[in-house]
């Protein structure tokens with residue numbers, strides 16, 4: 001009896017490992033039941049190289065991206081056990097979540113302000129695992145809003161450039177002012193906002209559903 005063998009060369013979609021995860025798609029080749037022909041594989045990088053991001057170490061960026069990547073697929077599995085796994089008080093502010101630093105620890109506002117000066121913008125883990133900037137005001141207080149770091153063009157993480165007092169996207173050149181309002185395309189919209197509340201000394205990110213104070217418009221991210 002004849003048997004049919006499944007070759008990995010006939011798999012229509014393959015994954016490869018690079019510095020940034022990439023999706024590899026075959027450019028040429030035949031399907032099942034035909035003569036095998038060597039395939040050319042084209043890898044299209046799905047994210048940018050960390051060494052192109054200014055004012056932020058590679059380790060910090062990769063830690064935050066890894067946290068976000070891990071949190072999304074595991075969240076659904078953990079929901080039924082959330083009351084056992086989430087510390088008391090976490091996420092109690094109308095759908096809010098405790099802000100996490102690059103090591104995954106809760107951010108204590110008093111300690112944060114001791115190590116982050118005026119006009120600082122530093123990434124934390126925010127709602128849905130998105131990298132989100134905590135903002136320190138010029139008077140050394142924590143701003144009541146945080147800024148989602150995901151570019152509204154194609155989803156790159158946008159670094160803060162203190163020298164230019166702007167968020168500058170390294171992917172396609174979009175620019176945002178120091179509050180995350182878009183000032184140069186191709187990004188069509190400003191960076192999303194979240195509330196940065198303080199609960200029992202910890203920073204808590206809460207969804208922003210009110211008018212965007214930067215534009216006077218309803219929030220596009222609702």
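Each residue, glycine too, has its Cβ placed from N, Cα and C.
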Which of these ranges is annotated transmembrane segment in Swiss-Prot: 3-23, 24-44, 45-65, 66-86?
66-86
For the [2Fe-2S] cluster site given as 151, 153, 169, 172, which other residues of the same chain have their Cβ within 8 Å of the site's Cβ centre?
152, 154, 156, 158, 171, 173, 174, 186, 187
For residue 169 ([2Fe-2S] cluster binding site), what is the secondary structure state per DSSP, taken as helix, strand or coil?
coil
Whole-Å Cα distance, residue 153 ([2Fe-2S] cluster binding site) to residue 171 (disulfide bond), is 9
Could you state the whole-number distance in Å separating the C-alpha atoms of residue 156 (disulfide bond) and residue 172 ([2Fe-2S] cluster binding site)?
9
